[in-house]
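**Student:** Dumping the structure here so I can ask a few things about it.
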Amino acid sequence: MAVSSATASSKLILLPHASSSSSLNSTPFRSSTTNTHKLTPLSSSFLHPTTVLRRTPSSTTTPRRTFTVRAARGKFERKKPHVNIGTIGHVDHGKTTLTAALTMALAALGNSAPKKYDEIDAAPEERARGITINTATVEYETENRHYAHVDCPGHADYVKNMITGAAQMDGAILVVSGADGPMPQTKEHIILAKQVGVPNMVVFLNKQDQVDDEELLQLVEIEVRDLLSSYEFPGDDTPIVSGSALLALEALMANPAIKRGDNEWVDKIFQLMDEVDNYIPIPQRQTDLPFLLAVEDVFSITGRGTVATGRVERGTIKVGETVDLVGLRETRNTTVTGVEMFQKILDEALAGDNVGLLLRGVQKTDIQRGMVLAKPGTITPHTKFSAIVYVLKKEEGGRHSPFFAGYRPQFYMRTTDVTGKVTSIMNDKDEESTMVLPGDRVKMVVELIVPVACEQGMRFAIREGGKTVGAGVIQSIIE
């Protein structure tokens, strides 16, 4: 990794979370920071048809909600490669509408369960404002692949949750309104995608029906390509498809059996997925390494036990295997008694799968977001480490001013955010330093206030005041 040369400054923005061999990992936030989740399909499959699901209490005091969810519907057949993608972009540019159109178009081919807009945009406080606050996960299939699709929020207040979804993506669909062109959050989401290591992007120019002049659409396309290139995405080579998600969705609602060639707007949706199939490569999964899953969410099921959901970062897990529960509290051992994905039973979960794991003998109070489940003895909790950190410039969305030893930002590691103190700083010549300027690359020693499961080579983000100010990789564990 080029960390010494000044020319590589923007390269190191790719540093949040995970080992160096895996560019994408689980999500870098703990639930205490935001409590406006909705139920994902990952854990609901462990339940009997009328089971009421209760969420673990959070440190914030929001009204408790209960959910009624369906039981598992059969077994998950792994016939196609699995890819995690998602929609990102500015508020009201049509991300959730496009997600709904995608599921309905592919359902018409028999490759997905159709989801209406209001099923994806489900929480009451979201629908009331027409703004998505959380990330919602849906599944669908093309002829060649099985996709888990995260619908990311576009509202500035909820950038934190956008990263929660983005960190799981193997690729993204950037939605830009052809009528408005790139907006502030379009740029912000491209920066965030770069920071959390989303490797590939396909663009959907939405609201084509609202653009009278074809030349205006071409100008927007040029602007989007330039914007992508400015953040080191291959703007000139990025596939761009224009269409209208709303008109496609309306056509599909009127006739769910629409096939290719029946409707020009629905054909644009099929064309978009063709580009995603062709342009976003199937990632190399780390199935040969020891199992690790960062816990994103925890649910308790009466009579069954506790379910932890998250994305398998590496390795494989089967029913009956034992795992360590590591980080934030004392390490403990438990047995996996069930593995399911999208309301279907799995024999074995592989790296890259979004799964729910049923755990034996674990109370919902024993486990929280930010812990990791791992093969026994393969990872331990630590509070002090040295790291190489790149501090973002103002133009990259970072700080405007320097910081000093004693600085106490939030450190985002996998699914947890923990306050840490920068105890010492060394410059790139290994000289003791007291001040760090935006754009600097430094070595620092960090002390966390609680132990977190971390290891050499793991990446993390540093955030303060709602923005990412730095990105780093752990060089060595101190204690």
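Cβ atoms are placed via backbone N, Cα and C, with glycine included.
From Swiss-Prot, here are the annotated features:
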{"type": "BINDING", "residues": "89-96, 151-155, 206-209", "note": "GTP binding site"}
{"type": "COMPBIAS", "residues": "19-32", "note": "compositional bias 'Low complexity'"}
{"type": "COMPBIAS", "residues": "33-43", "note": "compositional bias 'Polar residues'"}
{"type": "DOMAIN", "residues": "80-284", "note": "domain 'tr-type G'"}
{"type": "CARBOHYD", "residues": "Asn333", "note": "N-linked glycosylation site"}
{"type": "REGION", "residues": "19-43", "note": "region 'Disordered'"}
{"type": "REGION", "residues": "89-96", "note": "region 'G1'"}
{"type": "REGION", "residues": "130-134", "note": "region 'G2'"}
{"type": "REGION", "residues": "151-154", "note": "region 'G3'"}
{"type": "REGION", "residues": "206-209", "note": "region 'G4'"}
{"type": "TRANSIT", "residues": "1-71", "note": "transit peptide"}
**Student:** For Gln208 (GTP binding site), list the number of other Cβ atoms lying within 10 Å of its Cβ atom.
**Tutor:** 21
**Student:** Secondary structure at Asp92 (GTP binding site) (DSSP, helix/strand/coil)?
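**Tutor:** Assignment for Asp92 (GTP binding site) reads coil.
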**Student:** Helix, strand, coil residue numbers for the region 'G4' (206-209) per DSSP?
**Tutor:** 2 helix, 1 strand, 1 coil
**Student:** So what pLDDT does the domain 'tr-type G' (80-284) average out to?
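**Tutor:** Here the mean pLDDT over the domain 'tr-type G' (80-284) amounts to 82.
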**Student:** Six or more residues out from either end of the region 'G4' (206-209), which same-chain residues have a Cβ under 8 Å from its Cβ atoms?
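**Tutor:** Tertiary neighbours of the region 'G4' (206-209) are 93-94, 97-98, 175-180, 217, 242-247, 265, 268.
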**Student:** Round to the nearest Å and give the CA-to-CA distance linking Asp92 (GTP binding site) with Asn333 (N-linked glycosylation site).
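**Tutor:** Distance (Cα to Cα, whole Å): 45 Å.
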**Student:** Between Lys95 (GTP binding site) and the residue listed as 'N-linked glycosylation site', what C-alpha distance do you get in Å?
**Tutor:** 41
**Student:** Please classify the secondary structure at the residue listed as 'N-linked glycosylation site' using three-state DSSP.
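**Tutor:** Its secondary structure by DSSP: strand.
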**Student:** What is the Cβ neighbour count of Gly89 (GTP binding site) at a 10 Å cut-off, with all protein chains included?
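**Tutor:** The answer is 28.
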**Student:** Between the recorded positions Asp92, Lys95, Asn333, whose Cβ has more other Cβ atoms within 10 Å than any of the rest?
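**Tutor:** Comparing the recorded positions Asp92, Lys95, Asn333, the most crowded Cβ belongs to Lys95.
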**Student:** Between Gly89 (GTP binding site) and the residue listed as 'N-linked glycosylation site', find the distance joining the two CA atoms and give it rounded to the nearest Å.
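**Tutor:** Just about 41 Å between their Cα atoms.
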